[in-house]
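Enquirer: The ATP binding site feature in TrEMBL is assigned to B:K103, B:K142, B:E179, B:E180, B:K181, B:V182, B:E187, B:N264, B:E265. The domain 'ATP-grasp' annotation in TrEMBL covers B:107-294.
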There are 2 protein chains.
Amino acid sequence: MSAPVVAVVGGGQLARMMAPAATALGVHLRVLVESPTSSAAQVVVDAPVGAASDADAVAALTVGADVLTFEHEHVPFALLDRLAADGVPVHPGTHALVHAQDKIVMRRRLTELDAPCPRWTELAGPDDLTAFLADAGEAVVKTARGGYDGKGVRVVRSADEVADWFAAAADGGVPLLAEEKVPFTRELAVLVARRPSGEVRTWPVVESVQRNGVCAEVIAPAPDLDPALAARAVAVAVRIANGLDVAGVLAVELFEVDGDVVVNELAMRPHNSGHWTIDGAVTSQFEQHLRAVLDLPLGDTSARSTWTVMANVLGSALTDLTDALAAVTAADPAAKVQLYGKDVRPGRKLGHVNVSGDDLADVRRRADAAAALLRGESPA
Amino acid sequence: MSAPVVAVVGGGQLARMMAPAATALGVHLRVLVESPTSSAAQVVVDAPVGAASDADAVAALTVGADVLTFEHEHVPFALLDRLAADGVPVHPGTHALVHAQDKIVMRRRLTELDAPCPRWTELAGPDDLTAFLADAGEAVVKTARGGYDGKGVRVVRSADEVADWFAAAADGGVPLLAEEKVPFTRELAVLVARRPSGEVRTWPVVESVQRNGVCAEVIAPAPDLDPALAARAVAVAVRIANGLDVAGVLAVELFEVDGDVVVNELAMRPHNSGHWTIDGAVTSQFEQHLRAVLDLPLGDTSARSTWTVMANVLGSALTDLTDALAAVTAADPAAKVQLYGKDVRPGRKLGHVNVSGDDLADVRRRADAAAALLRGESPA
């Protein structure tokens, strides 16, 4: 049997979690991993070692592949464009991917698409920021590229506070933008999948709970969300997916503010806000990403339970997580644990837990208790 | 992170479907595969090639492993006993496994355990069968070892009809037994998981629909099953799991007859009657088997839907099942397909489909329609 071959750049947990979906669909996964012990390398048979920035390694990855896709956005675009010109399907293509890589390009395009954005401006220099602050009082300054999980972001009241970034930018470094600090009540996310041939499916809108700038917990669906606002959030996400010609999974991170939503960030790949779908939805984001980039019909995205809560395991006081897995199951046999096969480091994403049920308070408590056990903390 | 290592003998679809569960649990799977293109070899990183009968290959498989387990029962017991004596945990152990390998040993022990069996007798020669037939009229003659999926089984009215088997047995071949042909109304199955430390969990009792002696469809739970009989079936299965000291998953295949159940066959590994658990239960039989043989606490076995129907894909008129997968999803986006990565051969188990929902007739129709598409048939 000739299996479709999906080539993936990046060997972290996102590529790792594509493996079970590929197994089910009879898809051959080929993953370019950072090292032979990378999270994905442990569970993917065809896992050549190489850097995402290594043109030869990426080109070799595509030999015989039906499609090239990504678990992160840090890939040289010139190479991708060359491969695409040579007839390799690259999904999402660089014309879409650039919006997940460069926040200035993203804001420009979302503004064109009339997608709700915070007030924002490009910063050619400190004077632009000073002018923006004169009006806004406070600003979120971001590097256009390279930021994630709270890195590359500073909340400032004076241009002096990012003098180092301006110096770097003036020196040919990464350009900056300023955004209004949105007085949001909470963070939401909409996960969309889109095929090259245009089919689009969305999962229920979720609430993303951040701690220290990192996603700690995801609640699906977002509790007490006005149905009209949920519909608006989904419509915004679909407009972006179509407008950017995304192929694959797109995560649209949103702020809820004053009864409306504002787009915060985009990720053009399976995303932490969608890990709940592994156990909580008919089709997981990982299966759907494979389907989408292969231009196969998309699966049903319905929730399988009233509530599913995903809790991240960020760092751990333990070294042997298997013992903790045993403790989790002994305490809560229905908690679904995923471990990423990583060495423990402070704050590192080591795994997650999904818990489903009908009583949200109970489901949250259980998910948090399981994650606490995996972090080596006594349950509250 | 040091992952527990589970060594598995046999590289078919049962070992393949352990891989996604191992990925989630952070378990390192090592599978002894028949060939580099075996179903499991396609998705398991650590998959040495070797025969289950090759003592050196099996011994090498256990180096550094936390446990040795199986996806089939055709392994030399002397070797397993030697490994166990050397301190390798072998689960299930040969003292248990022999009951899934030898039907005479199984019937003797089940009779001791007072588990319900059909009337049966060992056959030292044709005279024993003639005597059994004088009473029963008709008998199911089985080879004690080596039979599966209807092979090694003949329904006879005269000893002449198995003269070849008697000749082979007399020649030092496989011994025979005769069982009463049970006038059953349907076939049921109970899946049990048991840890070495004694914890036992069972999934809901299912109905197994056979066509041409092979399981074609499984309905979970068994429709219209008297709750008292369901409880009795589960109690029988648990008594067997405990009585035989099983470690791992045990499938107990039963006949429903006259308001009671009778044990038909045992399988001491994940089993076709449990494939519905991948999508239909909180914990799949594959995750549970890994948990059980590692002596980790067992997961919740509750059903996730009112009904789940599993339909096997036995052979196909197609060669490219990915096209058929696309057709299935286009017709039914919620149908969950598993493909086993096998070349198409007549009658071969190539994959299965799970469909869940609240309306049994609809769920069955959808599962059967999806399997028909994968077999290359037009839907009814």
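Cβ from N, Cα, C; glycine included.
Bear in mind that the values here come from a model prediction, so they are computed numbers and not experimental data.
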Enquirer: Looking only at the domain 'ATP-grasp' (B:107-294), what is the model's average confidence as pLDDT?
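Expert: When the pLDDT values over the domain 'ATP-grasp' (B:107-294) are averaged, the result is 96.
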Enquirer: Between the binding-site residues B:K103, B:K181, whose Cβ has more other Cβ atoms within 10 Å than any of the rest?
Expert: B:K103
Enquirer: Minimum Cβ neighbour count within 10 Å among the binding-site residues B:E179, B:E187, B:E265: which residue?
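Expert: Least crowded of the binding-site residues B:E179, B:E187, B:E265, by Cβ count within 10 Å, is B:E265.
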